[in-house]
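Chemist: Pasting in a structure now, in structure tokens, and then I'll have a few things to ask.
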Amino acid sequence: MKSGFVSIVGRTNAGKSSILNSLLEEKIAMVSHKQNATRRKINAIIMHEKNQVIFIDTPGLHASSKAINQLMIDLAIKSIADCDVILFVASIYDDIIDYENFLKLNPKVPHIVLINKVDLADKKTLLSKLAQYNQFSSYFSAIIPYSIKQKFHKKILLDELVKYLPEHPYYFDPEFITTTNEKDIYRDFILEAIYENLSDEIPYTTEVRIDKIKELKTIYYINATIISSTNSHKGMILGKDGATIKRIGKEARVKIEKLAQKKVMLKLFVQLEKNWHKNEQNLKKILYDE
């Protein structure tokens, strides 16, 4: 019996959250084509044969001086020190310099390189990418081409990860799929709906706060506030006659209902907090409940 922690790291948009959801066969991590969508650590607990693999999905590694992005980078780096093995994820089309930058963090535990989205490339491109990474073969423990569309890739990956986990009793009940607070998952679903409905610049200065969750036998009542940094963005979130926020609410509700397996009544409000994303103390309170 083995049980241990795997940190999923890599640049933004490498597909880390999609991999986590596909391994779990359940959506708990926010997925977006926009960079740096993941803001909080999300974990997934996967039973593989008699072993328990606990994945930690972290914000993407990237260069940025913005306070919100720097806090997320710090969170990702901390997770590297708190795990048994690292899964470094790169898209087939990502530049290898991202891996070189990862190595500069001097990880102290074994790591596996996962080349994601290989279904988007031909064999020649894949072989070329593998050759680039093989220059660093003395650093990584394994390199695995991967596609979430190929079910057999899941077993290959889990078999490899388990090799580096310690012999240990289960950390969590085998029936659990995550220990991440439901509040964090739900607000990420709302944030994901915002990403899907608004232009590129708005989501990065927007945050979601869950104000109330009331669970009855057949229904969830959820009140949430969307925090905006400017009046103009607040207006765009609301939309003409409230059309945009209604659409955001509907899409978020469907996501939450699918995970919660019950009806959800979701009420969204919009609140102006100017430059909230530039205040580190405020960021820690909003993003990490500190």
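Cβ coordinates come from backbone N, Cα and C, glycine included.
The annotation GTP binding site is assigned in Swiss-Prot to 10-17, 57-61, 116-119. The domain 'Era-type G' feature in Swiss-Prot is assigned to 2-167; the stated evidence is sequence analysis. Taken from Swiss-Prot, the feature domain 'KH type-2' applies to 194-274, supported by sequence analysis. Annotation source Swiss-Prot lists region 'G1' at 10-17. What Swiss-Prot lists as region 'G2' is 36-40, and the listing cites sequence analysis. Residues or ranges marked as region 'G3' by Swiss-Prot on the basis of sequence analysis: 57-60. Positions annotated as region 'G4' by Swiss-Prot: 116-119.
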Chemist: Can you tell me how the residues of the domain 'KH type-2' (194-274) break down into helix, strand and coil by DSSP?
Modeler: 36 helix, 30 strand, 15 coil
Chemist: Looking only at Asn13, Thr58, which of these binding-site residues has the biggest number of Cβ atoms within 10 Å around its Cβ?
Modeler: Thr58
Chemist: With H, G and I counted as helix, E and B as strand and the rest as coil, say where DSSP puts Gly10 (GTP binding site).
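Modeler: For Gly10 (GTP binding site) - judged by DSSP and reduced to three states - the answer is strand.
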Chemist: Looking at the binding-site residues Gly10, Val118, which sits with the largest number of other Cβ atoms within 10 Å of its Cβ?
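Modeler: The residue with the densest Cβ neighbourhood is Gly10.
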Chemist: Please report the DSSP secondary structure of Thr58 (GTP binding site), reduced to three states.
Modeler: coil
